[in-house]
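These come from TrEMBL:
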TRANSMEM  B:21-41  transmembrane segment
TRANSMEM  B:53-75  transmembrane segment
TRANSMEM  B:96-120  transmembrane segment
TRANSMEM  B:132-154  transmembrane segment
TRANSMEM  B:166-196  transmembrane segment
TRANSMEM  B:216-234  transmembrane segment
């Protein structure tokens, strides 16, 4: 009896010590991130932003208590993240938790800050209850403030937080000129792109002839011009580049009008001007086996929508190693044209994005046939360049930079009923390019953080079948083979032992 | 240490001389291979170069597989009356417990070893995050250590291997399922407590590629507690 008591007491003491140890370790812990892309470690962009913080940053987290564990875990992760932010900013960040459900004053404070309660399903006493919870935060620097109205569970918060801090702490945003007057899409058709660029830059629409001083602009954007650009305007661009200006061009060399079923060449004069820089944009349509789809209404007894691969919508996932393409995985184009370099070595040319191994080009004009059967001879031009960058002296003594994309629509959302969501990496590509042109690596690496996917290579069906059954059967066969070998060895030992005269 | 290794190697040899180890390993590899490569959310269906499917299948199959391996470790000896004989040898209780623990852990390593082919195949056809996969295996081993130690404890308590196995499975169900369910049903401190107690919380944390001291301390605490209590039970039986 005494032994049993002793056993129970000792076990309770050991359990107590271990519980305390676990409790302490849940507060003071060390974490090492072994992921290849360091997904769970603060990004270098964040560290740079935090090092540059001068004024104190006050973060108020309006978070209800008694949240479900998964939401609680998100809040705990955010708290850990903010502690790291505080360390890197040399204690410039001060964060506090407020429970708006505690009293009306706090609730009012949260609502005034712009954080509204959200309904959340909570299971309590065998019943699903809908609880009004607050799950937001406000960030204040001096007299400026930003809010995160809802901290979504499972979302990587680093990009959102760092972007907001950057937006609040940046003193003078560099100006970016958006060239208009030649049928370019208006700025409100570029919603996603403008939201991204507005973190670091002031984007202003400009007209090449009306603007007195282009050198005020760190970079100029020329997106999808459709009308002629006059010689005098192009000469202004030349002068801008000669002074070390930077230019982002998304050129619409061919225009695919799917509703009309035709694709035609676009001549604005820009293509001729680009040739003087050594950049040749072919007036042909890129077609790629790796492509997006279009929805076609199938007619017959039943009418139903069907997704059909459309090689005129190349999906590009092959990129050169460059700061612009850092972390970019997939950019989707529509009716793009290939780019090549015809200049000399005075300019540094770097192709950035390429079509797949099974791609080709079709010269404009062209009629589209959705039901066309694509054959191998349609894809005779692998690895066509869709985006490129050049740098060097362009008529002056200062280094100028141009980044060009062979599709004028790749960042256009449109508006109204025709508004579409653009692939996140399309926007990242533009934003990274503007950062590179403007010599500002602000959020470059952070933009593409945590979105990495690791797609399998394209392999033949035969190889898929082989690998499936190799991996399924080989481990099984090897274990069974080893078992049989061992059984046979034991049997032969036993037989030997049973023989008359066996002495070990 | 020498005694521990000796006991472990003898145990391991006994495992492989019986059909049990082969049957269990073949079932484990069959399940893992089938669901990782052939059927359901298999690697080619998901299209991503990671072994998440395998880790999830292994996470569940090891949970069922381990109590079957540990049930005989002490209870079997008690039933056959060989424990007293074993303890007359120059072997301490700790050495016996650790030897038995090590042998089962080695068997799990052997069961997992053929699945390394999955990793090499994946490496050949996609951009693999090597550290995340390695830590996925580490997570499986830590989880196995927990279930082995629970299995050893129940094997010390129960004199019948079947009862030992069922008790280990019942305790395991708490760490594997029930704490998770309780965490989803409670809010606030209790919710966080049950979430911390759930093995899946810590397994997921490690298998995403992050080593956190709180996860390691969680796993090692359970292992230590179970082995320590097993040793105490064994010692009390001797006195």
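Cβ atoms are placed via backbone N, Cα and C, with glycine included.
No contact links the transmembrane segment (B:132-154) to the transmembrane segment (B:21-41), because fewer than 3 Cβ pairs that are 6 or more residues apart lie under 8 A. If you look at the transmembrane segment (B:216-234) against the transmembrane segment (B:96-120), you find at least three C-beta pairs under 8 angstroms, all six or more positions apart, and that counts as contact. Sequence-distant neighbours of the transmembrane segment (B:96-120) (same chain, 6+ residues past either end, Cβ-Cβ under 8 Å): 3-12, 15, 21, 24-25, 28-29, 32-33, 36-37, 51, 54, 58, 62, 65-66, 69-70, 73-74, 86-87, 128, 133, 137, 140-141, 144-145, 148-149, 151-152, 227, 230-231, 234.
Sequence-distant contacts of the transmembrane segment (B:166-196) (same chain, at least 6 residues past either end, Cβ-Cβ under 8 Å): 63-64, 66-67, 70-71, 146-147, 150-151, 153-155, 157-158, 218, 222.
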